[in-house]
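Okay, so here's the structure we're looking at.
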Amino acid sequence: GLSIQKCDLTIPQNNKNHHTEEISTEMLIVRRGQPFTITVSFSAPIRNYLQQMKRTFLIVQTESRHYKADEIQTEFPISSLGDQKQWSAAVEEQDPNFWTLCVNTPANAPIGQYTLLLRASKSSHFLGNFTLLFNPWCRDDEVFLPNEAQRQEYILNQDGIIYQGTENAVLAQPWDFSQFEEDMVDICFILLALGEDFQRENDPAQRKSPVHICRAVAATLNCNEFRSLTEHEPGLHYNGIPPSKWLGSSPILRQWIASKFQPIRYGRCWVFAAVLCSVLRCLGIPTRVVTGFTWAHNTKSSLSVDEYYDEDGTLLTQDETAHVWTFHVWNECWMARTDLLPEYSGWQALDATCQEKGKGLSFCGPAPVHAIKEGDTQVDYDVCYFFAAINAKCHVWIHKADDTLKPAFGGTKYTGNNISTKSVGSERCEDITHNYKYPEGSLQEKKVLDKAYRNMKELETTSSSSTTQFISIPTALEEPVNLSIHLQSNSSLQLGQDITLSIEVFNHSGGEKATHLVVGIQALHYNGVPIAQLWKEDFHFNLQSNSVNNLQVSVPYTWFGKELGENHLLRLTAVLRDEDSSYMYLAQEEISIGDSPLTIEFPENMVQYEPSTAKISLQNPLTEPLQQCVIAVTGRGLIYRQRNYRLGSVEAKSTQELQIPFTPTRAGPRRLTARLTCLQLQNLKSYRTTNIAAA
């Protein structure tokens, strides 16, 4: 019989061919539907090669997780010709002392961690272990992505950008997906297995489906029993890491493993989406992080959502379930939908943020983006949820002192704006709103909304009212045309900058009007929950018929700078009351306090393995010292893990410089990220990408 001396899995070459060399140079990691090569050496020469080959088989098997039925085991002969469509092996080279085998995996094989054995006559020999991933380079794989630049971005790029801020001032935040760091592939499979356990979907054959993988991973991220991240409720005192402090996915996932699967505190929608993106890219599913501005959350599939203000323009949290979020972050994954109609293939929306508190699955998707755009709300996988979130109309009500509600004219908001993602191969922001909806006011948009209403109405009649609260068609409020109000401000402010407000009040009527105007500023969490009323002022004036009154108001930074929330968002409101008719008019504007006071500079030419120094400058824009300043610096391939530099105090309007010595270990484009935390300002980030020449 055969006596095997050793097996060389030719890991460097195989991993390079399979685009996994960044993940590991020590473990064999291959992609399905693409052959890999191994060399088996024998301790005694083999004379009758053909006879031996006929009696020799390869066996691949997965580890059983719970019981024997859980494992996949496939045995296939070694032939002189392999079959590319299924598990097969062919001898590529042979002499009496070794065989070089080419092993084929099917393009729909379940992904996972496999053991490879060789069976000759009655005995089996262990050859090694390998990990099998999805393959966007393989035409027959459901995740096949035909464009190489997109594969580089949505599978191989580890440097991400997540968009926050407001729809008029989109703010780029760096994120390190680190999907190929050491241990990440093992952590991803642990996470996947827990999600499958939670959903009681333990048939390993399901792992051939990218839809199954997406749902199982999303389940682990937020489901009660196993959740790997705890969502942070605004206003609670922290006993963990604030969501905006995280710089990347690998510290979160490593901490989760080290704590034996205790939920990590804390996550927010952008953290859920970023971690999900890391895991899915690692497993081979093309994935990107997407931000939508003015997002109607938890509408329970209603296309109408309400916001309540008091008579001074202070936002009230009357309805706890439905909020209009300033922004929301989710994922898109690329795949063919073999379970749905062919036109639903392509990008799929997947939202790992908890939807409703309570038991059960609280993630959404994967919903075909094409179905969302076309209003095909009857398609499963939560198309309805996404459609409502980006198409709902927000009506604004004034809650009066006598407990009555009055409509606020002019306050209607439209949701689902500036849907943004990082563009391919660059750090620019790409607007993909057109993938989700037709242009506002177009005939196609009207058709889609009508179709969605009809679908949802049908659903309402076929499902019991106890389980679903369905659609309410937004009714147009009859707007009186007597008065109107327009509010304008800078959409984004520098730190330390005062707010300049311009308010125009128009009287369109034929008579004089007595009016009462209240202008206010509130600090806001990104999910529409108010933090504090920071400033307000009243104005009383009479407006002549067909005239306009212009007001300019300046609010010093010192009045609002201390109370900025984690996302540095402010809502400006102007409420106008017609004293004769008691009609109320509202204008609102959201502004974000933007740029980081950190700048990063690199020397001209940097070479791999040669020591170098970067310079970080902290410019204090405030009229008071920044106290207890700490700058955290990370950069994969530039410095190891994270470094923290304590600067103490930085005087008002002064600049302090920090030298960062480093020796680059990786060539190519490399990013350095710096985060400032001090008493006055939390988690302001800056980043810079540079090119490192290969040694």
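Just so you know, glycine gets a Cβ as well, placed from its N, Cα and C.
A TrEMBL annotation is a machine prediction, not a hand-curated record.
Residues or ranges marked as domain 'Transglutaminase-like' by TrEMBL: 261-354.
Packing around Cys269 (active site) is summarised by its Cβ count: 25 other Cβ atoms lie within 10 angstroms of its Cβ, all protein chains included. The feature active site is assigned by TrEMBL to Cys269 (among others).
Sequence-distant neighbours of His328 (active site) (same chain, 6+ residues apart, CB-CB distance under 8 A): Cys269, Thr291, Gly292, Trp295, His297, Thr353, Ala389, Asn527. According to TrEMBL, the feature active site maps to His328 (among others).
Marked as active site by TrEMBL: Asp351 (among others). The Cβ neighbour count for Asp351 (active site), using a 10 Å radius over every protein chain in view, is 27.
Across the residues of the domain 'Transglutaminase-like' (261-354), the predicted structure has a mean pLDDT of 91.
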